[in-house]
Amino acid sequence: MTLRRRGEKATISIQEHMAIDVCPGPIRPIKQISDYFPRFPRGLPPDAGPRAAAPPDAPARPAVAGAGRRSPSDGAREDDEDVDQLFGAYGSSPGPSPGPSPARPPAKPPEDEPDADGYESDDCTALGTLDFSLLYDQENNALHCTITKAKGLKPMDHNGLADPYVKLHLLPGASKANKLRTKTLRNTLNPTWNETLTYYGITDEDMIRKTLRISVCDEDKFRHNEFIGETRVPLKKLKPNHTKTFSICLEKQLPVDKTEDKSLEERGRILISLKYSSQKQGLLVGIVRCAHLAAMDANGYSDPYVKTYLRPDVDKKSKHKTAVKKKTLNPEFNEEFCYEIKHGDLAKKSLEVTVWDYDIGKSNDFIGGVVLGIHAKGERLKHWFDCLKNKDKRIERWHTLTSELPGAVLSD
């Protein structure tokens, strides 16, 4: 190496350059990405280690004894009929009187799975994104869908813009009542709706087996409306009474399964209230509302009304009828009828409820019906039984309409 005097600038010769380039020093291993970002088992934080095993001398946790069955009350009033005995004599007993259901084992927390939120694809930039939230109101059997906004939608019109709206569809189900839509916003690719659409009559069973399809479309006055993009949310991903917010990328149209059995297609649902009034000495039947009714008219709607009978009807005087609601598949009635009858005789009776489509100049069309009483099963039997066991208490339940009722008169 060349020696330098004090005050001189350090210089490096070509030979020294060669030595530095050829012999850079000891070779060290190149660090990998995993050295900077260590891997951990899914779901564990970096500082989490294996759980410590319980010490062998730790006392065992005592098992919780199951609660014994409640015996029926021995001090019933003499003037009240023994409803359980009557059900045993005239029909099937639904089992123990309604009480707190046995505690279910705690559900395992779902794994953290990536929602549509940070998802990115080619469709994300081509079709746009959609922000919305879903809430299942378990007490009122309602699914609230709030459509907030969309961003970066695909241009559909000649001016480079679109006239977007959002359409909801519950799958499976082909009924027009299963479809809801927002208003249309004109000439925008970044619409803000802040609009809430609600499905009524949604049960816990629906939340397990149904999927909500959300489509963004472009409205065209002179041609068919055009599809922009969609997303689908299995309702089982929602927790009851908990709002879940989504920000997703729209996808191309997915095929709808049309192989589902048409015989299982629902005719609609009806919300009925029952109450035995001690003051009026009679059964109060409330027809509250219907939801998702089958369309019977050419315009895709129905003109529904409801009839009720208390069977057997020897005198043929038990018929009651609501008002007709025009051009709707989700009518609200809020009407109540009273049947004067002794409490003890109700266990021998059945309540027949039928929904009809009103037509001018021709016979009315049967939409669907339901029978509550001693010969019913499931929720229909339980609703009737709960009414008889709880005098002066209004009990409200949703019931699925069927296309056939055993022994019922299906002509108006």
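Placed from the backbone N, Cα and C atoms, the Cβ positions cover glycine too.
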Ca(2+) 3 binding in Swiss-Prot involves Asp297, Asp357, Asp359; of Asp345, Asp365, the partner in that site is Asp365
Of 1-36, 145-180, the range Swiss-Prot tags as region 'Negatively regulates targeting to plasma membrane' is 1-36
Integer Å value for the Cα distance linking Asp303 (Ca(2+) 2 binding site) with Asp218 (Ca(2+) 1 binding site) is 30
One should report the C-alpha separation between Asp297 (Ca(2+) 2 binding site) and Asp220 (Ca(2+) 1 binding site), rounded to whole angstrom, as 25
Check: min Cα-Cα distance from Asp359 (Ca(2+) 2 binding site) over binding-site residues Asp157, Asp163, Asp218, Asp220 goes to Asp220
The region 'Mediates interaction with STXBP3' (257-375) resolves under DSSP into 9 helix, 55 strand, 55 coil
Counting other CB atoms within 10 Å of each candidate's CB, the least crowded of the binding-site residues Asp157, Asp357 is Asp157
